[in-house]
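To start, the structure under review is shown below, and the notes come after it.
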Amino acid sequence: MTAQIIDGKAFAATLRSRIAAEVAALAGRGITPGLAVVLVGEDPASQVYVRSKGKMTREVGMASFEHRLPAETLQDELLSMIEQLNADPAVNGILVQLPLPGHLDESAILSAILPEKDVDGFHIMNAGRLATGQKAMVPCTPLGCLMLLRDHLGSLSGLNAVVIGRSNIVGKPMAQLLLRDSATVSIAHSRTKDLAVVCRQADILVAAVGRPNMVMGDWIKPGATVIDVGINRTEEGLVGDVDFDSVRAVAGAITPVPGGVGPMTIACLLANTLTATARVNGLPDPEGLTP
Ligand SMILES: NC(=O)C1=CN([C@@H]2O[C@H](COP(=O)(O)OP(=O)(O)OC[C@H]3O[C@@H](n4cnc5c(N)ncnc54)[C@H](OP(=O)(O)O)[C@@H]3O)[C@@H](O)[C@H]2O)C=CC1
Ligand SMILES: Nc1nc(=O)c2c([nH]1)NC[C@@H]1CN(c3ccc(C(=O)N[C@@H](CCC(=O)O)C(=O)O)cc3)C=[N+]21
């Protein structure tokens with residue numbers, strides 16, 4: 001069997017055009033969604049993402065506000081910038097690019113963002129709402145993975161899902177979303193014994209580790225759906241956490257890197273910004289952009 005390639009890039013482009021249509025409809029009511037992105041320091045990869053986010057934000061007709069702060073920015077200075085964005089009615093979504101320089105307290109910064117403007121879904125209030133099945137802002141990368149899975153599989157109910165990785169930004173919220181769709185969910189991590197054996201049970205395998213080509217073909221249940229979240233820059237270029245060639249020969253479907261989950265993350269950031277804008281204006285959630 002050769003796996004079907006799940007084209008995240010194409011799916012994301014379709015999603016963005018649907019978002020653009022909704023933004024155009026809001027313009028008729030005098031509403032323009034606004035997304036503020038805050039970048040502290042000069043990490044080259046982060047600069048690339050921030051530039052790409054700004055471009056796509058403008059392309060769907062939203063207002064983009066970019067704030068670049070020097071690496072030596074103090075905690076209080078960053079907090080006062082967030083206060084200012086919290087209070088600004090033109091800003092519907094706030095994203096503070098991670099990782100932050102080491103002297104800054106990441107969880108204090110993320111908690112300072114108003115939960116209703118927290119389009120990354122990293123605020124503890126949104127994590128708690130997701131975990132308890134309430135209306136939340138859902139982290140973009142797991143939301144994008146869920147959209148691809150639902151599109152490919154229809155129902156996830158009763159399927160065995162294995163998530164490798166337990167970070168607060170990918171692994172844990174991914175597991176919550178799969179559970180919410182009634183999958184039987186296992187979360188694996190660096191202490192998991194016999195990872196290959198655990199993975200072989202998976203009808204759905206999500207790899208969010210940060211280790212190039214770690215997941216091998218003989219870890220895969222024949223016909224499984226494999227979602228590769230990993231973004232690893234190597235001498236061979238950008239690769240995922242999944243060994244694409246060996247896994248492709250066994251899986252039923254697989255997301256490539258690049259062109260899989262990455263573009264979905266940015267499209268879901270715009271989706272969350274639109275959702276946040278609708279909610280603050282007392283409008284119903286846009287169709288199909290929330291879990
Ligand atoms: N495509 C996209 O849009 C995005 C991609 N990413 C990418 O996804 C990957 C994961 O990101 P993130 O969650 O932030 O990373 P973290 O480093 O925060 O988490 C990595 C997780 O992988 C686990 N892990 C590490 N080594 C192993 C191992 N040998 N076997 C099993 N599990 C292991 C860790 O376990 P433990 O907890 O025990 O240490 C941890 O839970 C990265 O490549 C990142 O670049 C991230 C965000 C968005
Ligand atoms: N507050 C915050 N929110 C984030 O969502 C966030 C963050 N910080 N810090 C960094 C990670 C990483 N991330 C990616 C987004 C898009 C691609 C993406 O579009 N990737 C392209 C390739 C781009 C390239 O060539 O580098 C692809 O996979 O096809 C990848 C990774 C968001 N993150």
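Note: Cβ is positioned from N, Cα and C throughout, glycine not excepted.
A TrEMBL annotation is a machine prediction, not a hand-curated record.
If you check TrEMBL, you get these features:
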type    : residues               : note
DOMAIN  : 6-120                  : domain 'Tetrahydrofolate dehydrogenase/cyclohydrolase catalytic'
DOMAIN  : 139-278                : domain 'Tetrahydrofolate dehydrogenase/cyclohydrolase NAD(P)-binding'
BINDING : G165, R166, S167, I231 : NADP(+) binding site
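Across the range of the domain 'Tetrahydrofolate dehydrogenase/cyclohydrolase NAD(P)-binding' (139-278), the DSSP-based residue counts are 55 helix, 28 strand, 57 coil. Within the same chain, residues at least 6 positions away in sequence whose Cβ sits under 8 Å from that of I231 (NADP(+) binding site) are G210, L238, G240, V257, G262. The Cβ of G165 (NADP(+) binding site) lies under 8 Å from the Cβ of G171, M174, I187, A188, H189, V206, A207, A208, V209, G210, V229, each on the same chain and at least six residues away in sequence. Per DSSP, the secondary structure of the domain 'Tetrahydrofolate dehydrogenase/cyclohydrolase catalytic' (6-120) breaks down as 59 helix, 19 strand, 37 coil. Taking a Cβ cut-off of under 6 Å from any atom of ligand 2, the binding-site residues G165, R166, I231 reduce to I231.
In this view, R166 (NADP(+) binding site) is surrounded by 17 other Cβ atoms within 10 Å of its Cβ, with every protein chain counted. Long-range Cβ contacts of S167 (NADP(+) binding site) within its own chain (separation 6+, distance under 8 Å): A208. Summarising model confidence by region, the domain 'Tetrahydrofolate dehydrogenase/cyclohydrolase catalytic' (6-120) averages a pLDDT of 97.
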